[in-house]
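Quick look at what TrEMBL lists:
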| type | residues | note |
| --- | --- | --- |
| ACT_SITE | Asp186 | active site, charge relay system |
| ACT_SITE | His229 | active site, charge relay system |
| ACT_SITE | Ser381 | active site, charge relay system |
| DOMAIN | 177-417 | domain 'Peptidase S8/S53' |
| SIGNAL | 1-26 | signal peptide |
Amino acid sequence: MQGRTTKGLCPLLMAGVLLLAGCGQGSSPSPPTRAYAYTAAVPVGANDTQASVSQQYAGAVLVWQPEAGFAVLGLDQPLPASQLQALSLNSKPVTAEPNTRVFSASGTSSAWSGKSGSMDAAGRAYVWSGGRAYVWSGGRAYVWSGGTGVVGGIPENSAAWNQIGLPAAWAAAPKLGEGVKVAVIDSGIDLHHDLFQGSLVSPADQWDFVGNDAVPQEEGTFTDEAFGHGTNVAGIVLQMAPHAQIMPLRVLNPDGSGDQTNVALAINFAVAHGAQVINLSLGSVEKTDVIQKMIQFATSKGVNVIASSGNSGDEHITYPALYADDGGSIGQFSVSVGSVDWKDRKSDFSTYGDKLEVVAPGEVVWGPVPGNLFSYWSGTSMASPMVAGAVALARAQTLTVKTTDLTRRLVDTATKIDNVNPKYVHKLGGRLNIGAFIQAVTTGPAAPVTGK
């Protein structure tokens, strides 16, 4: 794939709004050419058409899912109160929400400052060139060295992989995620990094919702807060499941922020293009009905949605991770993920609470960064793709449980860590144990469970 000239960055991260052909049932809405001030998920009846719904609400149809009974609209004005009172979607009132930059990335490549909820932006020096870059040469075949826990010559991650039982999972899941598409809805990735060669879905299954084109290349420089975030997240997925396919969908600018419209469109795109797992290493302190509806739609189609819990260090788990505890398909197919250190102690930055389902090591996790280099990142953003990779490993194998039971088994097989976190009893879930999880849900060859 050819490179492209870096585009001028729009101050409003995801101002470009687009729906591709094939995203949804029937004919797709035409790609919008501008941003909208508000979005709304509205009910769709059997006799409704895109034109009638657009006329009824004086808005543009962005997502059209008549079989699921809803559409997502872009609006210039909020819906009148009289109209809202007469509407409901799944017995819930319809609301028009401001389409603002409510989402942010949940990780940073900066060295963590030790202050609750804060990150030190001075850690960019931990991007190494020279010989280190060559650990990725030759592509993914060199990322794995016989399942020993030393990954591609990067011993820095070995302790974390042994902590979560990854070597046992590889032995029990020999397909290593083969054929499973994992959508990474993030800041894009470095499409030219050696790690991703042979590990990406076809170009037709990729999209940049920020730049409104089919090249979700990470943009910016290492001085930008979230430059390289999506590249690292996707690299962690492949370190869990090296034969999985990454579906890069760009919704975040280099500053790490984004609006709900593009996140909704990316989820819709991922479902339409065959993703079985969606990773959302991003979050918002504001609840959005549109995103909740899109996650409900994705999970109703059997897609696992994995979301990071946020980095404020308190009990304010961000959305959409907080949705994971909801009932119905969302609860069956989604997981919220926080972070611990290598001793299973809660990371100071990680949010927590009685709705947090699982944690994984999210401190100083090494992976690829743009420029064919590698670096470490810290955050719940790094823990989430470990869980996404675990689910990809499982879904590539012959399952012994229903797909509706996968996330419950993942949570049930997690290692209990309350004894080392007395302040957070019942507020961290358990720590991911991939080896135990894979052996509990697949027919793969037996292997010793080495996770603690």
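The backbone N, Cα and C atoms fix where each Cβ goes, glycine too.
Taking the features listed in TrEMBL, we show where each one sits on the structure.
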{"residue": "Asp186", "record": "active site, charge relay system", "CB count, 10 Å": "31"}
{"residue": "His229", "record": "active site, charge relay system", "CB count, 10 Å": "31"}
{"residue": "Ser381", "record": "active site, charge relay system", "CB count, 10 Å": "33"}
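In this structure, the C-alpha atom of Asp186 (active site, charge relay system) lies 7 angstrom from that of His229 (active site, charge relay system). A separation of roughly 8 Å, to the nearest angstrom, links the Cα atoms of His229 (active site, charge relay system) and Ser381 (active site, charge relay system). DSSP classifies Asp186 (active site, charge relay system) as strand under the three-state reduction. DSSP classifies Ser381 (active site, charge relay system) as helix under the three-state reduction.
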